[in-house]
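Below is one structure, written out as structure tokens, with a few remarks after it.
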Amino acid sequence: MTATLQQRKSANVWEQFCEWITSTNNRLYIGWFGVLMIPTLLAATTCFIIAFIAAPPVDIDGIREPVAGSLIYGNNIISGAVVPSSNAIGLHFYPIWEAASLDEWLYNGGPYQLVIFHFLTGVFCYLGREWELSYRLGMRPWICLAFSAPVAAATAVFLIYPIGQGSFSDGMPLGISGTFNFMIVFQAEHNILMHPFHMLGVAGVFGGSLFSAMHGSLVTSSLVRETTENESQNYGYKFGQEEETYNIVAAHGYFGRLIFQYASFNNSRQLHFFLAAWPVIGIWFTALGVSTMAFNLNGFNFNQSIIDSQGRVINTWADIINRANLGMEVMHERNAHNFPLDLAAGEVAPVAISAPAING
């Protein structure tokens, strides 16, 4: 018996590196998008953690009134945030080397730009990496398409909205209460709750939660029995098994009788496409709505829409919302504005019909 050994062709270092980067046998797939994703997300995460803990107050409004956002300046997990860069910086790109000193960079909120630019680059690459891994494995490319919804939402609040408003100080703060403040001010200035695209987003998120719960409960309730009463029903499934683990006919029959026949899917592929598409399309619309409101194409305004025969206003819920919006608007940036923009931009009201004569 003769044994033959075939020597593998020796590849150069670059080819070995390329093979390792694109290998689907690694525990975690890297990919070419991962080459950029890993350092950018690490930079964003590191800067965020340091800034959240120790960043000095930031002059967010550009009026020399710094706002503290870090833990060591008295905040907690709920109130803390990485404060957006100063209104004095506006839309200027503000890396560390553009500042005269590190203290100036911190005072003007430089860490915020560092975090959001690296974060957005990282999530864009994560989306590309999802497509890349699907391509390597011969899968269809819809996973990255689904992830494009939260990517679009993040891009809208961190990039498109500040561009439309003319300053990164209008971007969403990187913290819990800062996010709520952003939402309240957004409602006050843009009436987002009355925007149809936001309504579609609410339907997408709440509807997606409802459909997910309905699907999960129907599947769990129609599992094919494979275990005894004394065992966990989870032991009835073996990873990779060819048989269906639940009875879709039973689930279809139950739901069709609970609502009506055509409210229930009888095709598993159509069902799962619907479960993916509903929330994704809804969040797409919300991101599109925020991106249009960034340029002040705001929600519907039905203020003082109903009047009686004498011309007197009959208040509706739209007028209640308008009053709430004005209240929220006068509370934010209280030292940067004398009046809310809606009041300051109105026509000048005369305070006297004629000036009195002055006899000296």
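Just so it is clear, glycine is given a Cβ too, placed from its N, Cα and C backbone atoms.
A quick note: this is a predicted structure, and the numbers were derived from the prediction, not measured.
The quinone site recorded in Swiss-Prot includes SER264, PHE265, and the single candidate from HIS198, HIS215 that the record places there is HIS215. In Swiss-Prot, the feature transmembrane segment is placed on 118-133, out of the ranges 70-85, 86-101, 118-133, 294-309. Checked against Swiss-Prot, the range among 29-46, 245-262 recorded as transmembrane segment is 29-46. Here TYR161 (site 'Tyrosine radical intermediate') is compared against the binding-site residues ASP170, GLU189, SER264, GLU333, and the shortest C-alpha distance is to ASP170. Counted over residue pairs 6 or more apart, the CB atoms of the transmembrane segment (197-218) and the transmembrane segment (274-288) come under 8 Å in at least three pairs, which marks the two as touching.
Most buried of the binding-site residues ASP170, GLU333, judged by other Cβ atoms within 10 Å, is ASP170. In this entry, quinone is bound by HIS215, SER264, PHE265, whose most widely separated C-alpha atoms sit 11 angstrom apart. Taking the C-alpha atom of HIS332 ([CaMn4O5] cluster binding site) as reference, the shortest distance to any of the recorded positions HIS190, HIS215, SER264, PHE265, HIS272 belongs to HIS190. Classification of TYR126 (pheophytin a binding site) by DSSP places it within a helix.
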